[in-house]
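These features come from TrEMBL:
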- 7-26: transmembrane segment (TRANSMEM)
- 46-65: transmembrane segment (TRANSMEM)
- 77-94: transmembrane segment (TRANSMEM)
- 100-118: transmembrane segment (TRANSMEM)
- 138-159: transmembrane segment (TRANSMEM)
- 171-190: transmembrane segment (TRANSMEM)
- 243-261: transmembrane segment (TRANSMEM)
- 281-303: transmembrane segment (TRANSMEM)
- 315-335: transmembrane segment (TRANSMEM)
- 355-377: transmembrane segment (TRANSMEM)
- 389-409: transmembrane segment (TRANSMEM)
- 415-436: transmembrane segment (TRANSMEM)
């Protein structure tokens with residue numbers, strides 16, 4: 001197999017590894033609040049929303065140390081050990097205790113920062129300028145398929161269940177743990193790329209033997225110095241006019257990420273007026289979110305057909321899509337659904353609760369999210385081309401902080417207040433994105449804008 005074939009195979013293995021891990025983890029996040037409400041134990045007092053708030057809060061802070069960890073032990077081992085932490089978090093639900101629940105949440109937050117930093121490094125060293133777009137698209141598509149398989153399993157496993165028994169919980173989380181572990185061990189199939197397959201001489205190759213690893217460890221002080229410099233650069237970028245404008249849009253993606261990945265599924269599961277299949281509809285909702293994500297990413301991300309019109313139309317489409325979804329959710333889902341007790345809620349909103357409308361909203365949430373994220377990644381990569389690493393660190397920091405905040409207030413706020421927050425921040429974020437995009441257009445008046 002030639003060098004290009006080997007690097008392409010590495011990308012495919014990387015995508016499948018993440019697909020397995022996040023098939024397990026995203027399914028876990030989607031159902032954990034429902035599972036906790038149904039957990040028959042007087043000794044357990046955890047909250048799924050609080051756990052996710054901890055994960056994203058720690059994730060945000062841990063971006064400061066992740067580059068040093070990846071530089072010392074390499075991306076392959078970084079992903080493997082981080083994946084084991086994810087698997088441990090999922091396995092904890094087989095028989096959860098409050099202290100293990102929140103301890104595992106902290107550890108997953110740290111592991112998440114290391115996992116995604118390593119993923120970016122491995123994607124880079126297996127790509128060239130000519131293949132980075134293709135490889136990113138392949139990885140993204142494989143990752144998004146994780147929304148299908150786990151949620152499909154939940155739909156069939158919980159079909160017709162009004163209460164999640166201990167046996168149901170144990171069966172699901174044992175299965176998810178095994179799936180996650182498969183993803184971890186897939187990373188060992190990734191091979192070291194040939195030198196000519198790397199994008200530049202300055203790219204850090206994957207450690208292949210003990211000599212290289214020892215050299216990296218010996219240079220740990222220098223690595224720490226680089227991490228400090230990167231942190232300082234990120235602080236400088238975070239207060240630039242461009243990043244401050246984009247931060248409002250990025251913050252919105254954190255809020256809506258929390259809503260579609262955790263809160264909305266809980267709302268659907270709490271709606272007793274959806275019938276005996278309400279719990280299994282959580283999985284079906286996740287499948288429709290995945291359909292929206294893959295469609296939007298394929299059209300606006302991988303195919304990249306909208307550049308000649310700029311990014312603003314895509315972001316505007318994302319906002320309109322989300323506003324339609326929010327309005328239908330407001331009409332279709334009871335306001336107390338996010339904080340309803342284990343037995344659910346019998347309240348109605350303004351319409352007779354409709355399963356097709358609920359699933360349509362799931363699709364729209366995924367489609368709108370892909371519109372925002374593909375364009376934010378594009379504009380951040382362009383505006384901060386020379387400082388992409390610290391720029392994307394700021395991106396993840398802002399997104400993680402707002403996601404953590406949203407998971408925290410989801411414990412207390414009724415549905416209509418959560419929707420109102422997203423409407424306000426989404427509107428302001430879209431306006432600020434328009435201004436940032438116009439700054440890009442002005443800066444490219446004398447260049448070929450179609451080449452962006």
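Cβ from N, Cα, C; glycine included.
Because TrEMBL annotations are produced automatically, they should be read as predictions rather than curated entries.
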Intrachain residues whose Cβ lies under 8 Å of the transmembrane segment (243-261), provided they are six or more past its termini: 26, 29-30, 52, 56, 237, 289, 315, 322, 362, 365-366, 368-369, 372-373, 376, 379-380, 383-384, 391, 394-395, 398-407, 410, 418, 421-422, 425-426, 428-430, 432-433, 435-436, 439
Long-range environment of the transmembrane segment (415-436) - Cβ separation under 8 angstroms, sequence gap at least 6: 242, 245-246, 248-252, 255-256, 259, 263, 267, 311-312, 315-316, 319, 322-323, 326, 329-330, 333-338, 375-376, 379, 383, 406, 409
Two-stretch contact, the transmembrane segment (171-190) and the transmembrane segment (138-159), at least three Cβ pairs under 8 Å: yes
Best-contacting stretch, by C-beta pairs under 8 Å, relative to the transmembrane segment (281-303) and drawn from 7-26, 77-94, 138-159, 315-335, 355-377: 355-377
Which of 7-26, 138-159, 315-335, 355-377 contacts the transmembrane segment (77-94) most, counting Cβ pairs under 8 Å: 7-26
Distant-in-sequence neighbours of the transmembrane segment (355-377), which means Cβ under 8 A and at least six residues beyond its ends: 147, 246, 249-250, 252-253, 256-257, 259-260, 264, 268, 271, 274, 281, 284-286, 288-297, 300-301, 311, 314-315, 317-319, 321-322, 324-325, 328-329, 331-333, 395, 433
